Amino acid sequence: MPNWELKHCCKHEQIVFLATLGVCAVVILALWRTVLLLPFKLITVFIHEASHAIACKLTCGHVEGIQVHANEGGTTQTSGGVYWFILPAGYLGSAFWGMVLVLASTKLLSARIAAGCLVVTLIVVLFVAKNWTLRGLCIGFVLFLAVVWILQETTKIKILRYIILFIGVMNSLFSVYDIYDDLISRRVNSSDAEKFAEVCPCPCTGVGWGVIWGLISFLFLCGATYLGLVILS
């Protein structure tokens with residue numbers, strides 16, 4: 001039976017999980033403005049745009065192309081589908097996949113599955129990418145994950161779970177920070193939240209939707225932390 005109440009918390013694995021998650025968060029925030037995080041920022045932008053694309057396909061739309069730019073921007077060209085469902089899927093989808101990756105990092109088997117799924121997704125997107133930044137990102141991360149996988153299986157360098165956890169935390173934090181950056185610190189009128197406010201009949205501004213999405217994204221990270229502790233209990 002799952003230990004939902006987290007009785008006798010925290011055991012060694014749970015402490016390591018919490019400590020590693022905390023270290024990842026501190027490192028990400030400390031290095032946020034440096035080029036060291038650029039590849040991981042671009043992979044989170046890719047997951048953001050891929051979430052738009054998934055929402056488009058789920059609502060019977062057509063994905064015409066995906067782009068990721070070196071300035072950490074991205075676009076997903078779609079036609080058809082349900083626009084009010086597609087727009088929030090970028091931020092909320094990124095936070096959701098961040099939660100999935102954090103949970104996948106709790107066990108080696110699930111981390112392997114997550115890495116394999118990410119590699120397959122990157123290979124598929126490679127053939128629909130509309131610019132060389134995204135193509136290079138796909139190729140680079142496939143090679144990076146392949147090297148990490150080989151090290152995991154053939155050497156004493158067991159870092160696959162930590163890489164998956166880092167990408168998961170990055171997605172969760174990037175979602176919250178990007179909403180703040182777009183809507184509060186520099187107010188981008190073309191942001192997803194501003195566009196959503198225009199099409200949604202609810203009396204809520206783009207900033208309001210951004211705050212709501214940011215809170216939901218933060219709750220995803222909190223939920224991932226709690227469920228991770230349950231899994232490891």
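Note: Cβ is positioned from N, Cα and C throughout, glycine not excepted.
Where the annotation comes from TrEMBL, it is an automatic prediction and has not been curated.
As written in TrEMBL, here are the features:
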- 15-32: transmembrane segment (TRANSMEM)
- 82-104: transmembrane segment (TRANSMEM)
- 111-128: transmembrane segment (TRANSMEM)
- 134-152: transmembrane segment (TRANSMEM)
- 159-180: transmembrane segment (TRANSMEM)
- 211-232: transmembrane segment (TRANSMEM)
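Between the transmembrane segment (15-32) and the listed ranges 82-104, 111-128, 159-180, the one holding the most Cβ pairs under 8 Å is 159-180. Against the transmembrane segment (159-180), the recorded stretches 82-104, 111-128, 211-232 differ in Cβ pairs under 8 Å, and the greatest number is found for 82-104. Fewer than three CB pairs closer than 8 A are found between the transmembrane segment (211-232) and the transmembrane segment (111-128), and contact between the two stretches is not assigned (pairs 6 or more residues apart).
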